[in-house]
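Record features, source TrEMBL:
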type     : residues                                                      : note
ACT_SITE : B:E414                                                        : active site, proton donor
BINDING  : B:H35, B:H265, B:R360, B:S387, B:H464, B:D472, B:H476, B:R523 : substrate binding site
BINDING  : B:H75, B:G124, B:P125, B:L126, B:G163, B:N192, B:H265, B:F440 : thiamine diphosphate binding site
BINDING  : B:D162, B:N192, B:I194                                        : Mg(2+) binding site
DOMAIN   : B:357-528                                                     : domain 'Transketolase-like pyrimidine-binding'
SITE     : B:H35                                                         : site 'Important for catalytic activity'
SITE     : B:H265                                                        : site 'Important for catalytic activity'
There are 2 protein chains.
Amino acid sequence: MDIKALASANPDHWARAACIRTLTLDAVAAANSGHSGMPMGMADVATVLFDKHLSFDASAPDWPNRDRFILSAGHGSMLIYSLLHLTGYKDMTLEQIKNFRQLGAITAGHPEYGHVKGVETTTGPLGQGIANAVGFAMAEEHLRAVWGKKIIDHYTYCIAGDGCLMEGVSQEALALAGRQELSRLIVMWDDNGITIDGNVSMSDRTDQKARFAASGWDVFECDGHDPAAIDAALTAAKASSGPAMIACKTHIAIGSSAQDTAKGHGALTDDKVVADTKAAYGWSHAPFEIPSDLKAWWESVGAKGADARTEWEARFAALSANKQAEFTRTFAGEAPKKLSATIKALKKQMSEEQPKVATRKASQMALEVINTIVPETLGGSADLTGSNLTNTGGLGVFSPEDRKGRHIHYGIREHAMAAAMNGMALHGGVKPYGGTFFTFTDYARPAMRLSALMKIAPVYVMTHDSIGVGEDGPTHQPVEHLAMLRATPNMNVFRPADAVETAEAWELALTSTTTPSTLALSRQGLPTVRTEHKTKNLTAQGAYVLADAEGKRQAILMATGSEVAIAMAARDLLQAEGIGTRVVSMPCWELFEEQEEGYRKRVLPGGPVRVAVEAAIRFGWDRWLYGERGKREKGGFVGMHDFGASAPAEELYAHFGITAEAVAAKVKALL
Amino acid sequence: MDIKALASANPDHWARAACIRTLTLDAVAAANSGHSGMPMGMADVATVLFDKHLSFDASAPDWPNRDRFILSAGHGSMLIYSLLHLTGYKDMTLEQIKNFRQLGAITAGHPEYGHVKGVETTTGPLGQGIANAVGFAMAEEHLRAVWGKKIIDHYTYCIAGDGCLMEGVSQEALALAGRQELSRLIVMWDDNGITIDGNVSMSDRTDQKARFAASGWDVFECDGHDPAAIDAALTAAKASSGPAMIACKTHIAIGSSAQDTAKGHGALTDDKVVADTKAAYGWSHAPFEIPSDLKAWWESVGAKGADARTEWEARFAALSANKQAEFTRTFAGEAPKKLSATIKALKKQMSEEQPKVATRKASQMALEVINTIVPETLGGSADLTGSNLTNTGGLGVFSPEDRKGRHIHYGIREHAMAAAMNGMALHGGVKPYGGTFFTFTDYARPAMRLSALMKIAPVYVMTHDSIGVGEDGPTHQPVEHLAMLRATPNMNVFRPADAVETAEAWELALTSTTTPSTLALSRQGLPTVRTEHKTKNLTAQGAYVLADAEGKRQAILMATGSEVAIAMAARDLLQAEGIGTRVVSMPCWELFEEQEEGYRKRVLPGGPVRVAVEAAIRFGWDRWLYGERGKREKGGFVGMHDFGASAPAEELYAHFGITAEAVAAKVKALL
């Protein structure tokens, strides 16, 4: 690599890109950890992108119509931190750069959404960013159709590395993007031929360009160190009719002794290596020093979008007050005010009609009314639309032919669905929900964890939530998935018992702005247990007394979802024998945990024996069985102890002993 | 579709394939659930495959050198059940077919490994089977090199549907197979253009043939209803130099009114539809009736491999007694006898030397000795070899150039790695282990669940198991993953405290034959806490008293992994204040749960306060904090309450309050 020739061919560009490279070298050396090679390798591409293509205004990072820039190869976080600092994002001070990867700094090891404006999504787990980007681009297409080009009309750019492209989620995402003809999506592949273990060819010889083309992408390539070539490729990509991939041939850790090696992927911290590399760049400034002329140029890049932004603001101001308010509301993620009354009316109707329906059906009944008054919902299913019941009348199917369509056929791609939903939620202006079978939470989980970590609020509609699945057998019967999600911080897991609780759960999921929601819904029909209408959303308390003991309270039955009706039947059996029995419905443990201790004690007072009923494994239930301070309450559990089996659902409930009789017997054994 | 023309063109073939189609129709109708369309559509392909290509012997289904047949599109389970019944697998009686999807039948909704010979792997979650198949083929390549072609030399055939190919894991698997040039792997794609939601084109327009070719596959195609064309494609695929994909153009639910529709994907149960379809086939027999001439022909297919099998047995008998015993041992999944003594010696050495090493390093130290005496280990890493420390001296790298190599560069493909490990374990003759960061258990989870469900025993080497990861930040810091895996039935989760416990965990993982193991290993160095050598494997009891109280026992500290040393330091603080404190190391909850109650009570007696220390969230710990019967023991927890952060590890431990001082303070507050 003839660095000198590169530098002399385009000296201005070279110096600008060197700002990124040297900030990276200095920050990684100061932290004594991190990834130097990727920002060094992609600095030229990023410089051209930010200078000539990305539409943004560093002084107004929330401008809704900005282009989105996603660093899927998040380990190269110093690339984006450098860019934000250089272009003048006010929170990204030099102090923050100097404190790269330190406690309390916004410059975390991987880019964390919420730490700093300009980081559009949390990346680091590979492949997530490119799938997020597909969601961003779908949201943009939808909102452009809804609001018109004057209000929403932008590109989504994504830098992805070899790791992103090896992860399976990338295939799901790119196939989805190809099908949806997302022409505003541009992925720049950092084609450096290196992974942590060595050369990419050790583990992969895929022709990535052919792979993307096979799914309908327009494919371009460029020398990733030639600014004119980069510019030409980006210009062509923007004009493409499908999603565009640019293979950017780069040298990882360019100019260092570790260039083009796996060592260059990691942290270059050796003083001499850093010094020699800077010397090779012709860079003679002190650590972290950016000469003022270069900083001024970069700040002009950060400011160049101001005109576009103010012009947009003028167009926005020309909208009617109602439209402005609606836009602002939806981008703030706030549910419409009338949602509350609508849900109350639905609950009243359900309590009166007392339908025996599966909660997946109850969910669809709720969505039928929700989707008419919450226009920002963008639903979908991973090829189980008729099972998840995520579609409602008149939503339309989102496609190149109908960008206003609000139901998405994600295909058999649970992981990309969840990651795209993250992208949509992060884009703003839409409220994504999507469905699959609860057991396939496994496939979606890497992205679901990121919803929770990023404090965003998509809604996961997970139906067929237990052995109630029946004949499809143990692969399709979740038993540990409730525990898995309950163990995840900042995830509300709702398992509603009937149509009323399902409506309440939906209200909470739609009004949540910082916590994602999972609705675990039954396949099988369930009786209405909330037969007395309450205007209050009882599910908001997480758990509540559904039926109190008659006479002396000797037992408390705790249950969720489809097992609440079993607990109620067990209560009948016990009361008939004079055993006063309370039934507590616990549709959302996380919200119950958030209640004040006094409320929790009123719902679960000490003294009576406690039995939990849930068609899942016991893991986690001891928290409630034994009380808050380890009091002497005896506790028992009726549920699953292993994987399920293939048989009709009712037979399985009997086979595994999850019956009212078993619950009553357990109570009597404990008394 | 001119069924009559098809039937008359190849009447013998047609009648044979019709056996599969009509058994499927009858079984699904009887069960009133299931999937009719796929077995109907792929019956011709399957008939030709079993008749002319698949080398097997229905009377000896365990024959190690049989070709493997994997139905990745597991919802079409009646395809394989029909084939097993027709060809004479003795357990697959007509009664079982008639009891399709019923409780206790071996004919579960999706094919379940272990229910019946001939089902080589559990499929149903889409994409798993094709990734398993890659593992089967890798095991075959390796064992062919190790044992020679006379002993191992077979093909792996896989039928995959559109859903399998849309799942991201398929990309990981096919790219891995392409890189590894697995020429004995043949995937038959059921190209029927239909998914549950409708036409494939609604969600995918990928040119699958181009996609496979982009990763180095040889691609063939055929009319999936023309036996000569199918035969020609299979013949060509067997001769290919790379893995082969055959696009089989088929009609789902062929000959029925639901042909070529999404309806045809599911259960055809309407009497008239079933009757009309059989009539279209020219089939006039009673439900479940297979005419004796046809059954005889199929049984001849099931018997045709007997010669090959007996010839193989003769070759096997010509091996030395030692080699025969070694082959039998490795295919039985039994560890060598000398493993126990080797582990004991290593433990003794570690207790004497008392190294301060990360448990990931301790794992490598264990593997160094293990891999020399357990020749069937087949290790690997998802591009984190130098971090997971899964490689050891002289293993060699598995590749087309070195099939005897025993370390695999899986690439950045955690999901395919886990699924391939399942395939290897199921093939037999090898003991697979593979590593990634513990947080990326999320990516591997769908396959890890299947390891547990199938009762097979691969070993997951999951390093960087807590906030001890440090600067990489919360995306890379597992907090809920211990709970997630502990909640999974039949998964042993080991979190060893030091080099001694790590060696013990490896011994248990290697001797397990029906339970997969996950080793959660630290990034950071840990002191040796097992400073007194014990020949007994204490980890086998799941939990044990590491240090007892001096004086009156007032407190019990429970800890795992890197927090055991913190508990020991807290014990020092407490004992210095005269508070008698026991420390219980709990490296494997599942094994502790399996101990008899008396042992558990001796380790965790009632009375003292209990505090658990684990750098993970509390979820699940209440099981141990409050005792087995809800006794009055007070319990506290020192650990994580949310996601982690990006900073040096020691700072994070202090920041999150996971310190000896905090543990001691918690004990004193409870006393």
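Cβ coordinates are placed from backbone N, Cα and C, and glycine is handled just like the others.
TrEMBL entries are annotated by machine, without manual review.
Location within the structure of each feature annotated in TrEMBL.
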| residue | record | DSSP (3 states) |
| --- | --- | --- |
| B:G124 | thiamine diphosphate binding site | coil |
| B:D162 | Mg(2+) binding site | helix |
| B:I194 | Mg(2+) binding site | strand |
| B:R360 | substrate binding site | helix |
| B:S387 | substrate binding site | helix |
| B:F440 | thiamine diphosphate binding site | helix |
| B:D472 | substrate binding site | coil |
| B:R523 | substrate binding site | coil |
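Those binding-site residues from the list B:G124, B:H464, B:H476 that have a Cβ under 8 Å from chain A Cβ atoms: B:G124, B:H476. Cβ neighbours within 10 Å of B:F440 (thiamine diphosphate binding site), excluding its own Cβ and spanning all shown chains: 26. Comparing Cα positions, B:H464 (substrate binding site) lies closest to B:F440 out of the binding-site residues B:P125, B:L126, B:N192, B:F440. Taking the binding-site residues B:P125, B:G163 in turn, the residue surrounded by the fewest other Cβ atoms inside 10 Å of its Cβ turns out to be B:G163.
The two recorded residues, B:P125 (thiamine diphosphate binding site) and B:H476 (substrate binding site), have Cα atoms 27 Å apart. A separation of roughly 13 Å, to the nearest angstrom, links the Cα atoms of B:S387 (substrate binding site) and B:F440 (thiamine diphosphate binding site). The record assigns B:H75, B:G124, B:P125, B:L126, B:G163, B:N192, B:H265, B:F440 to the thiamine diphosphate site; their largest pairwise CA distance measures 34 Å.
Considering only the residues assigned to substrate binding, B:H35, B:H265, B:R360, B:S387, B:H464, B:D472, B:H476, B:R523, the longest pairwise Cα distance works out to 48 Å. Among the recorded positions B:H35, B:D162, B:R360, B:E414, B:H476, B:R523, the ones whose Cα sits within 10 Å of the Cα of B:L126 (thiamine diphosphate binding site) are B:D162. Fewest Cβ neighbours within 10 Å among the recorded positions B:E414, B:D472: that distinction goes to B:D472. In the three-state DSSP scheme, B:H464 (substrate binding site) is classed as coil.
Over all protein chains present, the Cβ of B:H464 (substrate binding site) has 28 other Cβ atoms lying within 10 Å. When the alpha carbons of B:G124 (thiamine diphosphate binding site) and B:H476 (substrate binding site) are compared, the span between them is 30 angstrom.
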